[in-house]
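Single-structure report; data block below.
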């Protein structure tokens, strides 16, 4: 099994080293293609406006001056002699839970693998950023390979990625694996800090608020809060079907009714 | 009604000017907060690694050195004296259909408005990039305001955004409004072009392939191909429920079975 690793914390991140150790428990053929610079919060961003540089750091190790999506795309299409059988993205320094999955570069790396037809998994370690980060990877380190093995054995559809979050506790305190759905938090969590630069000009810097998590059974948020490893299948169909069916009845249809109404209104508004 | 406009083509984009004209047909209180530089393909990216600069270009007009997500966040939380009643993002130069919606900065601008509790709509004009782009906005220009009015009148849930795509044809050839689901294309569409810089060093530049679209009834792709205005409700819950239910039975549960199996395997693999 050929495995491609990426992440969004950058090619030198400690979480990538741990993921490499885990991947080596599954295969001898492990490749790395990861961003030169941290890409947290880049979501599914791709680099269209600038060129990308690729640095070969070793026989199977590359750094790219772009996002995780760029990395996976270039690795599979341009750098690897044969495509991988599995893409692993992470291990992210900190959780990717609830609507974070839509902002996460780590999850994006896995999503890009999936869109290229490769089974793909994102992995994140929940951490307490107030204490030494190097000491908090035990849950992922110990349970990573066996949980991956179990998931690989079960399999999942080609248009789905698996998002794993390891809880913020030592490995021996982990109480289980829970298959979850994506939770939701109060979204007023992002905010910008306003500061003044040394030349006296204002700038803003984006940050995240502390927030109260709503603990709802069955969600990724709830699972890790109870020291369980959260496993969430994700896909890229954003359609809200319930609203689609409702609007189809009231708004849509093949008859251009709205357009006719529209034209009348428009004519009125223009005068 | 206070309306906030954003886009991903940048504050000087022609599509934003058209959107401003459309918005002024709905309200006198129209605000703009858009990126300084084009942000196509930035997805839900937020800027965490760098400071953001805000330039006031007019009483209700701002440019931000970041992504559409940054723009909407800072506009609503820091720049506008009162929050908007509606966020409109676009009009994008080119379609946002199928899985593009997950890469699109335009859709991301609307999604960020929604996460802040504001009804939000993304608008895109399908275009032929091989002919003069300035001449191809007629469908959006004519049908924009009335279609928005009709959608606003019907309403939609607070956790949903509306993604509108105007077909690539003159306004009088538009045959209707269709409420659609997100389509899917063959995903092997992105690729990197390898080039050599003036100093003789390699670089890559991301691009998109031409592709064959699969025309499936009911999708956004099919609607615009048939000269209909596509209206797709989108949300941010990426959970693939079918796989979740299947994996719950085989992999998950509150009993830490996988962990026990895992630990045994791990012990074996370590030696």
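Every residue, even glycine, has its Cβ placed from backbone N, Cα and C.
Any TrEMBL annotation is an automated prediction that lacks curation.
Positions annotated as domain 'Survival protein SurE-like phosphatase/nucleotidase' by TrEMBL: B:3-187. Annotated divalent metal cation binding site per TrEMBL: B:8, B:9, B:40, B:92, in sequence order.
Shown here: features listed in TrEMBL, placed on the structure.
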residue : record                             : DSSP class
B:8     : divalent metal cation binding site : coil
B:40    : divalent metal cation binding site : coil
B:92    : divalent metal cation binding site : strand
Cβ contacts of residue B:8 (divalent metal cation binding site) (under 8 Å, same chain, 6 or more positions away):
B:35, B:38, B:39, B:40, B:42, B:67, B:68, B:89, B:92, B:104, B:105, B:106, B:108, B:109
Cross-chain proximity of binding-site residues to A (CB under 8 Å), evaluated over B:8, B:9, B:40, B:92:
B:40
Note the Cβ centroid of B:8, B:9, B:40, B:92, the recorded divalent metal cation site, then list each other residue of that chain whose Cβ lies within 8 Å of it, in sequence.
B:7, B:10, B:13, B:15, B:38, B:39, B:68, B:90, B:93, B:94, B:104, B:105, B:106
Can you check how the pLDDT averages out over the domain 'Survival protein SurE-like phosphatase/nucleotidase' (B:3-187)?
93
Give me the long-range Cβ neighbours of residue B:9 (divalent metal cation binding site): same chain, 6+ apart, Cβ under 8 Å, in sequence order.
B:15, B:16, B:38, B:39, B:40, B:92, B:93, B:106
Among the binding-site residues listed here, B:40, B:92, which has the most company in the form of other Cβ atoms within 10 Å of its Cβ?
B:92
